[in-house]
There are 2 protein chains.
Amino acid sequence: MQHFIIEHIHLLPDGNRESVKKNCYMEVRDGIITELEAMPVPNDKPYSIPRIEGRGRWVLPGMYNTHMHTPMTLLRGTADDVPLKHWLEKEIWPREAKLNRSMVQAGTDLALAEMIRSGTVAFLDMYHLHMDLVFERTHDSGMKAVLSRGMIGFGDRAAWPAKLNEAVELALSWNEEGQGRIKGMLFPHAPYTCPPEFMTQITAAARENNLMIGTHAAETAGEVQDYKERYGRTPAVHLDELGFYEQQAVLTHAVHVSEEETTLLKKKGAVISHNPMSNAKLGSGTAPVGRFLEAGIPVTLGTDSSASNNNLDMFQEMRMAALLQKGVQMDPGAVRAEDIFRMASFNGAKLLGVDKDGLLQPGGPADFIMLDGDQPHLQPDNRMASHVVYAASGQDVTDVFVDGKRLMKDRELITIDEERVLYNARYWHEKLEQR
Amino acid sequence: MQHFIIEHIHLLPDGNRESVKKNCYMEVRDGIITELEAMPVPNDKPYSIPRIEGRGRWVLPGMYNTHMHTPMTLLRGTADDVPLKHWLEKEIWPREAKLNRSMVQAGTDLALAEMIRSGTVAFLDMYHLHMDLVFERTHDSGMKAVLSRGMIGFGDRAAWPAKLNEAVELALSWNEEGQGRIKGMLFPHAPYTCPPEFMTQITAAARENNLMIGTHAAETAGEVQDYKERYGRTPAVHLDELGFYEQQAVLTHAVHVSEEETTLLKKKGAVISHNPMSNAKLGSGTAPVGRFLEAGIPVTLGTDSSASNNNLDMFQEMRMAALLQKGVQMDPGAVRAEDIFRMASFNGAKLLGVDKDGLLQPGGPADFIMLDGDQPHLQPDNRMASHVVYAASGQDVTDVFVDGKRLMKDRELITIDEERVLYNARYWHEKLEQR
């Protein structure tokens, strides 16, 4: 039976200055937060319950990364400063064509280690190669995730049923594994890579099997323009006709989305995965986050893969999300710290099915992280809520708990052999470059 | 006599992939790099020279932060997400009016600790209160800096001579202290806060005393518009008429600068201090960095104060500088990693008078930093030059050397009592908020 208390912590539940509570204790039992109070541990708590000293530590909900391609972490830094077409066709695809199972595993393990280190507790991922390995390694890491084998419908339509079948089978076979930590979903790569007929088959399969569905949409202006010329409507509108929004749907990127489409997305209950760093780095533009927020669409945050980010640090992603909106709109009030924090925490958690009511609450899952606040860049500390968004980075995280299980303790990974992961990443990356 | 060797290091001298050298050794004697070779330490080197083990460490030039207001670090997180006018008039100025010497010292010490921790070896700073303390604390920290007491010419013109005199005296009295580590300069706050007649007196004093000169210029569109309405020309053009560019001049922010002004600045040999995070956070806009680079103007990087950044991490500043240009211009090639690295290192070092020929070279000053490369977010490591700009953060820095003196050793500050600095920052910030 898991049972412990963390004491003397500062609590930042939701990014609001007013919600910060100093010198709290939290009791955890069997993966659930049972008590959370802004006071010392009461005298009648037996000392037989193990206590973790949390002095100087800030306790936050974990980060929820809603867009990832974990195996691509092996391709970090492969090519920068080049246009998307060159990046994909000359650098990324030729390497992906050579990826073997060991390489996919090395990239996945590297991503899992990096995510836990930087305070991510759950993520949403799609990849098209050896995705079974991503399910397995994620399960073993102790993280939470919603995963999917990506689908692309170029070429032979006779291959569609097998692709769809494989994706559905994989999603169902892992669904709710790890006491519900792992979930499956469907993720057709994009409207422009999955013809309407294929997309219709996929959305039907999502409904039939009650699986969440996601896709890359409106990442670049050119992609939307081409799509309109080909199909006479935008991807977001066409997806509606193809039944995409009938299950819980997530649109990734959504950089070039009009006001009318925003209204449609709100009506259909779609969620956005906003990827500001990747969109900026690839020169795709800046998503209209202010418009999404105004319409009441839940915006979540994703890093995209390390090949276009180039790390998986959700704290840096939060900061960039805020600064890009303010800078581009030339309006310091374009988004507020608490909006950004909500994107990276609660909105993501809700999309991933982790928690629907709120985070860091008695009765809820014991998914949380601890930061070392005793560092110069996080002082003076009575502005904690601001510092978490505008000054912190993932490397301030010292401890990570998922369902009450400690995945990192004082900056040491518990479920992952980090030395081996770093060695394998170097080894298989060199092999890849030699091929 | 200082004499040591660092061995087994990876060397990243200038941000170019091609310049990276693996498994090098570096010999340092009396503040100067005497040898630097991509090979193991030769057999004939006596073991009497102390050796530092550098396995897994990346050695880089230090970071050069060309715009700072160190004492304002005490105001980190005071107010976010509000317009500049509100931020200044309601939040910053009222607090600055209450700052006493202990508070200025607490903010300065906090900034110095944070800068060293995140790999900054030298900086340029201006502040108007108790600036003598900033000179003194910086000197004692072992960092390099070019410092100045800021001048504002609002109100009584009879006060100008005393202000100018105080700024000149302070600059001269500290100039070349610390074996040349500390230098003085003049920094009239801005053209819109220093009337032309006062500015003329200041530029004359700079010439007379051979001091570098700097000012905030063209930070916001509104400021440039108001200035034009008042004086019939833009600040950058008017500064020329007022003799500003006759000494080495640095323009801070330079967000709203036209093509004609760019040509003028190039002709006059002015240097830009680009502050992308502060400009974005305050909603001021994005400087035309591509235009500056095309014109051949040396662009340097600055964080501005933690009150509008909100940290002093030059690695995050590099990344933001790159991503903002790419995102806003929707061009992934808008700037390249090596351009950005050059801004943060060599261009800054040259402006601060540290090194005119290059960094990390035999015969040059032993100013350098070490990063811990054995971390998931910096692997696979044969893309080191990319990772430094696109994946690293200041917290990857483990060691800092200035003139061969170690200011941080394995993440422990040597010249600063960090525990005391953190305590004082909390204490004096609380006092400030109570006043």
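Using the three backbone atoms N, Cα and C, a Cβ is placed for every residue, glycine included.
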Among B:HIS216, B:HIS429, find me the residue TrEMBL lists at the same Zn(2+) site as B:HIS67, B:HIS69, B:ASP304.
B:HIS216
Need a hand: TrEMBL gives B:GLU96, B:ARG149, B:HIS189, B:ASP304 for substrate, which of B:GLU208, B:GLU219, B:GLU229, B:GLU338 is also on that list?
B:GLU219
Should B:GLU96 (substrate binding site) be counted as helix, strand, or coil on the basis of DSSP?
helix
Let me check the 10 A CB neighbour count of B:HIS189 (substrate binding site). How many other CB atoms are there?
17
Between the binding-site residues B:GLU96, B:GLU219, B:ASP304, where is the Cβ count within 10 Å the lowest?
B:GLU96
Shell of the Zn(2+) site beyond B:HIS67, B:HIS69, B:HIS216, B:ASP304, same chain only (C-beta within 8 angstroms of their C-beta centre):
B:MET68, B:MET126, B:THR252, B:HIS253, B:SER273, B:ASN275, B:SER278, B:GLY302, B:SER305
If you compare CA-to-CA distances from B:HIS189 (substrate binding site) to each of the binding-site residues B:HIS67, B:HIS69, B:HIS216, B:ASP304, which comes out shortest?
B:HIS216
Going by C-alpha positions, which of the binding-site residues (B:HIS67, B:HIS69, B:HIS216, B:ASP304) is nearest B:ARG149 (substrate binding site)?
B:HIS69
What's the CA to CA span in angstrom from B:HIS216 (Zn(2+) binding site) over to B:GLU96 (substrate binding site)?
19
